[in-house]
Structure formats: structure tokens, C-alpha cells
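What follows is a short report on a single structure.
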Amino acid sequence: MSASTLDPTIPGKLLRMLFHDCFVEGCDASVLIQGNGTERTDPANLSLGGFNVIDSAKRLLEVVCPATVSCSDILVLAARDAVTLTGGPSVPVAMGRRDGLVSLASNVRANIIDTGFSVDAMARSFTAKGLTLDDLVTLSGGHTIGSAHCTTFGDRFRVDANGSTVPADAAMNAEYAGELIRACSAVNDTVSSSATVDCDEGSASRFDNAYFVNLLDGRGLLRTDAVLVQNATTRATVAAFARSEESFFASWAASFARLTSLGVKTAADGEVRRSCSRVND
Ligand code: HEM
């Protein structure tokens, strides 16, 4: 039985972990390293999960085929399969990545996009890695599965003169805003810090194009999701994906291939780790 069958939150966790790996030091499993001051210890990575799935796959591989499959390849395959298992496209990915030797928390903030970023700021971050605005919209579609803590979108609400919590963004669907406020009980209240909400209301366990339909309806959860319909260029792509799941899936295949090619290590730049949570001795 697969880890995703036992725990339906696993696919989202694995896909997000891949994004956080590839954007910092390239797709080299640097995000998996444990220890003081590693990427995992940065606040942006504290809510990552699913590490045990990668560790278990590695342990098994070391028995049947030692020192051959890198942790970075395992993570790419796991994320690829997380998409397929939840109903998304099955896409080809290249193999042969080597695992990185460096994992520094200080590299995370400069590379991982914050939910306060504008479309232009996100575009700059993507362009710096050789990715396009279309890649940004397509890969944001990763939010078609999984969930987010109330704390990651609490700043989308404010308290008005009557003491009521209201959306700060008039474009947020009012019904949706009410649902979020209820789900988080009291936004900005520490009580809600562990509460989570589905990123893609109504179909968060299915990898489909509903995320884009929701964005057009003012039902984007994170600020960075919502702003994709406030920029003319990105809005056109969102609308195209909302109309056609097929075009989202085709674009996903191409963007996922580019994401998983970022900063790939070869030869002596890397190694095949024996255990995914630490570099070899
Ligand atoms: C473009 C900028 C992005 C921002 C600002 C962003 C931010 C976030 C945040 C704040 C969460 C919630 C984390 C939590 O509270 O636990 C989240 C969840 C998630 N993100 Fe992103 N993300 C971005 C892009 C991506 C990309 C490119 C992918 C993958 C291709 C991705 C995949 C996911 C997934 C699958 C989840 C759900 C995780 C879970 O269920 O545990 N995100 N993202």
C-alpha cells in the first residue's frame, strides 16, 4: 500500500518539497539534509512534510540497488507520481541527478517566493532561474492539491471599525472569505496557527484545473494565487487553463520538466547519498 493511500496529505507535501528543493541550490535534495543551519531549519521550510516517504524509498533502494539512485531523483519521481496518483498527467522526467553537498538555511529566503510577492516580483524570481511567466502560472497550479496553514493567508484579512474580520482585498469572493474566516476560527489569532485550509476549495485531493476556475471566481487562497488574475498576462493564462484542463496538463508536462532540471548537479559537484538526511561521510 502506498504512503499516499495511508495518508492523503502526502502527495501535496511531496510536490511542495520538490519546489522548495529545486528553487534552492537546484534539484539536489539539499532540502532533505538534517542538522543545525540546514535549509530545513529555515522558517519557510518548517511546514514541509513527507520526509519519511523519501527516506523509506531510499532505504529500500539501498538494499536492492545500492549507491545508484540519488535522493534528488527519488524526490522528483515521488513528486511526479504524487501528481499522477491524484489524477494529474503522467509526465516523463529525466534521471541522473546527483545529491548536493551544501544545505544552508541562509540560501532559502533569497530563493523561495514569499506570499507577499507581486506578480512582477514572482516573475523576477522565475526569470532568474530561466523560467517564464507561463511557468509561474502553470506551476502555481501545483496548488490544485494540498493545504495551507491559516497563518499563511491571515494577512489577507483585517479588522474593520465594527471589530469584524473582513477581507483586505475587495476582489476576494465574499462567500469564500466567510468560509475562510470560519475555518480559521479567528484569523490572526494564535488559536488558528495550526489550522489548515485546502488550497483548491472543493477538489484539493484531485490534481485538476479547478484551481484556475476558483482563481477567476475570487477563490484564490494565498495572496500570490489571487494576484495571478490581477495581471493581464497571467490572467489570460489562468483563463486558458480554466477553460481547458488539457492545456493545463500539456503545459504542466513542459514546466515540470524545466522545474526538475534546475541546477542539476553532475559528476564531482555531487554524490549519491547513502542516507537522504545527511551527506556521505
Ligand atoms: C509561486 C510561488 C509560491 C508560493 C508563494 C507558495 C506558497 C505556499 C504556501 C505558503 C503554502 C502553504 C504551506 C503551509 O502552510 O503548510 C504552499 C503549499 C503548497 N505549495 Fe506552494 N507556493 C508557490 C509555488 C508552488 C509551486 C511552484 C509548487 C509546485 C509545483 C507548489 C506546491 C505546493 C503544494 C503542493 C502545497 C500544499 C502542501 C501541503 O499540502 O502540505 N507551490 N505554497
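All positions are counted from 1 along the displayed chain.
Heads up, the Cβ atoms here are built off N, Cα and C, so glycines get one too.
All annotation found in TrEMBL is predicted automatically rather than curated by experts.
The annotation in TrEMBL ties ASP21, VAL24, GLY26, ASP28, SER30 to Ca(2+) 1, and of the candidates under consideration, GLU39, GLU62, the one tied to the same site is GLU39. For ligand 1, none of the recorded positions lies close by, meaning a CB under 6 A from one of its atoms; the full candidate list was VAL24, CYS27, GLU39, CYS71, ASP200, CYS276. Looking at CYS22, VAL24, CYS27, CYS71, CYS184, the recorded positions in this record, the fewest other C-beta atoms within 10 angstroms of the C-beta turn up around CYS184. Take the Cα of ASP208 (Ca(2+) 2 binding site) and measure to each of the recorded positions GLU39, HIS143, CYS184: the nearest one is HIS143.
Listed in chain order, the extra residues whose Cβ falls within 8 Å of the Cβ center of the Ca(2+) 1 site residues ASP21, VAL24, GLY26, ASP28, SER30, GLU39 are HIS20, CYS22, PHE23, GLU25, CYS27, ALA29, VAL31, GLY100, SER103, ASN107, GLY263. In sequence order, GLY88, CYS199, ASP200, SER203, ALA204, ARG206, PHE207, ASP208, ASN209, ALA210, TYR211 are the residues near THR144 (Ca(2+) 2 binding site), counting only same-chain partners six or more apart with C-beta under 8 A. Counting Cβ atoms from all protein chains shown, SER30 (Ca(2+) 1 binding site) has 29 others lying within 10 Å of its own Cβ.
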